[in-house]
């Protein structure tokens, strides 16, 4: 549960200000860091599997309650006030917080104090490791990812041991889908490209840290512990649990206990720091009876974004913020292809772009791109204006109208929608016969689970495209019937004068 997608940037580490600084260290301190075997069960392809065979008690199964009571006890002893909720197995989310008492609408809950919040300022069990990262100006995301791994490796002595033990050993996230699985199940959806990009960003971040820092301090960051598999785990935790707290100057943090709350598309309440009570809280927007699961909102995200970061897809039609990315491209045979591409590049766009379509319609930026794609050479003076409007970087009116090419622009969008729909149809029709050759029960169970997620996502995205297709066809019919009426009227007048 997080605002991770909103906070995520294309590069986790834009540029370290002083990566090549070194700090002195004492050999006596290096004995503090014990090289521990890891316990991080993730799915990767054969080229990235780590040769690790031993395990440590690190996290638990995604639906396990084995460490829940220890977590609740530790939190209470560490300053968490009495709660009206308890961790239980639930239908939505596998684990969640369930009301143990009557909860009123508008009531503040949680009150997690700052000492129980993990942020970039949290103390490290291995103090020297934290000093190295901070002196090298490592940004919050990779710093927190490294912090989680470091604290997990010191599980017995870390103050966060009860929290880490209750974290999922394998967070639900597209980070844990292999490239083969992404290609197989998400070929029709644009979320596949975002998942591949995210995996590559995590790998790039790890490689940057390893090259510039870890390799210089192997006694602090041994490869047996700090490797690509453990970074996938820690980034999976961050993507699914990190929150931004506006009232704490926008600080990003992990909030134990609060991160057990699951998402509901029907809820509009968020976590934040409450200065009066000095704790992280949320205010309920509805009452709850004992035994009912309590929800918060992870943000206004599409089903694809929820799958990308959190590993679930809401039921079809239940997410009012759902959208599908429609891919559109300039035609290379266009006589003005080079001029149009140059106009797009001026606003950091490429020949192919994706625009979000919702059940209620499409953005004006998509219409501007469509105008540019179909505009004839005689409109070359408007190319830059169209490109600016498509990129949302115009200072003039964004909702451009070019009646003379509106029909062609709508047809361009319709053709793109129908091309995308055909890809979804192909996958959904073939999904029933997929994986019939799999004989391993464990592998079959995983394949069926991933395939069902993909089917749910593709069904919801295709539904939006079907709606857009209907609207576009109706608008085109109205335009063409209007043109036909105008033509018949003109012919009637001509005959009358003749």
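A Cβ is built for glycine as well, from the same backbone N, Cα and C atoms used for every other residue.
Here the structure is a predicted model, which means the values were calculated and not measured.
Feature annotations, reproduced from TrEMBL:
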BINDING   241, 262, 263  S-adenosyl-L-methionine binding site
BINDING   241, 259, 273, 298, 310  substrate binding site
DOMAIN    83-299  domain 'SET'
Closest of 259, 298, 310 to residue 241 (S-adenosyl-L-methionine binding site), Cα positions, binding-site residues only: 259
Neighbour tally for residue 241 (S-adenosyl-L-methionine binding site), based on other Cβ positions within 10 Å of its Cβ: 23
Largest CA-to-CA spread of S-adenosyl-L-methionine binders 241, 262, 263, angstrom: 11
Which of 259, 298, 310, the listed binding-site residues, has fewest other Cβ atoms within 10 Å: 259
Packing count at residue 262 (S-adenosyl-L-methionine binding site) (other Cβ atoms within 10 Å of its Cβ): 21
Pairwise Cα distance for residue 310 (substrate binding site)/residue 263 (S-adenosyl-L-methionine binding site) [Å, integer]: 10
Local Cβ density at residue 263 (S-adenosyl-L-methionine binding site) - other Cβ atoms counted within 10 Å: 21
Rounded Cα-Cα span from residue 262 (S-adenosyl-L-methionine binding site) to residue 298 (substrate binding site), Å: 8
